[in-house]
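In TrEMBL this protein carries:
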- 161-184: compositional bias 'Low complexity' (COMPBIAS)
- 185-195: compositional bias 'Basic and acidic residues' (COMPBIAS)
- 156-195: region 'Disordered' (REGION)
- 389-408: repeat 'Cell wall-binding' (REPEAT)
- 409-428: repeat 'Cell wall-binding' (REPEAT)
- 429-448: repeat 'Cell wall-binding' (REPEAT)
- 449-468: repeat 'Cell wall-binding' (REPEAT)
- 1-20: signal peptide (SIGNAL)
Amino acid sequence: MKKNMHIRTLAIVVATLTSAQISGVATSMTEKYNVAYAAENGEQANDLSLQLSNVVALSVDSTTGQAVTPQPDPSTTKAIKSVYISGTERVGKTLTANVDYNAGMVKPSVKYQWLKSSSKDGTYHEISGATNSEYKLDSDDKDDYIKVRVTSTINDSDTMTSSRTGSISKKSSSSSSSSKSSTADSKEIESDIRNADSNEIVTETIYDEPKIKQEVFETLQNHSDITLDFVGNDYEWIFKGKDIKDPSALDGSLDTRIDTTSPNESDIKKLTNGVDVVNLYFKHSGKLPGKAEIKYNIGSDYNGDLMYVYYYNDDTKQLELVQSGVRVKDGNVEFTIEHCSDYILSKVLISGAKGNDSINNVTVTTQSQNQWKQLNDGTWQYIENGSLVKGWKYINLKWYYMNANGVMQTNWLYDGGKWYYLNSSGDMATEWKLVGSNWYYLGADGVMLTGWICLGGNWYYLDSNGAMVTGTKVINGQRYLFNDNGIWQ
């Protein structure tokens, strides 16, 4: 980064003055250097004056008379970005506390405290002994609402509490007599399908009856204009009659339950290379009667994020990319499958994963089927299977964004409450980026960062507008000094 030598030289001079000398010469020095600088740089002199006044305002040691560089404590900077709960909200199941950290921050050790309330908007009390990252729901939790509080062990003010769960439901019986009650009433659902109006969406709640008989899909297959939406705990399965191809693939019934813990969890962790992921374990294994749209609530903290969807192939023990650019909206992620097993959601590409053109009948379009098209005004559009692409699109390992007219965007982009920077070629920028005269830092997901970040062992501070700070900066009442490269001194 280019250094402002006028400011740097003057800062060194001022730093050696005594308190009295600073008081006596600050004004004349400001004028002297502003005049010289203005002659060369015109209107930028005002900016120099402002930065010089900040340097002069440094505190002075009463004994030595030397200017003192403030000593910030990065441990007071909050590292915890968000906290959310995953797991099935039912007695006998285990909830897990998940923590996301601000990019560039050192991850501190944390402590957990689970809380509960008898009403969703009531007072939440600490659960005695519930201080681990996991909490197993028991009968005392029935009908209650649960939260978890996570606190840094090195900074008590760095604490955050998750959103509440839904009301904890009763434990499903595991006895053979319960097998009938755990299966939805197929006759009733079939009747709803037959009596539905053309193009109607039939919604069935399946909280306590997650198993759907094969006969339901046979009936749906005969009503191609009907959509069937099964609503469970934190998830939905959406089937369109026109997409049902082979109900017999179910071999009797479909278990719609989706969990966030899997028998393959240890194998999957070895493949994710330490990347934070959301694991969705489908109780059903094998082919579906047809294409299904899955909607799963992974929490509002992911709102606006773009997710990669991976399938865990239990035969090859590999992760395979099946969809990319899946945006989280209202806490929900939606993707399409035709085969059940483990699916993994990640905000970043997982190195080593396989990216076939077609995986388990979920198509990932290849470049040969796509093409860029330049318009007469010099702008670009992207055509996929004859259709104009809009929104985010992952092409040749790079992200692009097309507006409502399908035109590729460049420069700053505000989307989903977050800022991104798109290079002149349209691809999304990551890491350091010089825009105008300011440096910005974009995370691995392209989001512009603000606040403290630690990179390569050096601390930087990014202003509220994302610009890297140099010189002095008052942060939470404390004055900090950064060199011309933005590194805290």
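All residue numbers here begin at 1 and follow the chain in the order shown.
Glycine too: its Cβ is placed from the backbone N, Cα and C atoms.
Annotations in TrEMBL come from automatic prediction, not curation.
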For the compositional bias 'Basic and acidic residues' (185-195), residues assigned helix / strand / coil by DSSP: 10 helix, 0 strand, 1 coil
Long-range Cβ neighbours of the repeat 'Cell wall-binding' (389-408) (under 8 Å; 6 or more residues past either end): 306, 324-325, 327, 349, 367, 370, 375, 379-383, 415, 420, 422, 426-428, 446
Per-state residue totals over the repeat 'Cell wall-binding' (389-408) - DSSP helix, strand, coil: 0 helix, 12 strand, 8 coil
Integer average pLDDT (0 to 100) for the repeat 'Cell wall-binding' (409-428): 90
Other parts of the chain folded back onto the repeat 'Cell wall-binding' (429-448), taken as Cβ under 8 Å at six or more residues beyond its ends: 1, 103-104, 305-306, 347-348, 399, 412, 418-423, 455, 460, 462, 466-468, 486
Secondary structure tally of the repeat 'Cell wall-binding' (449-468) (DSSP, helix then strand then coil): 0 helix, 11 strand, 9 coil
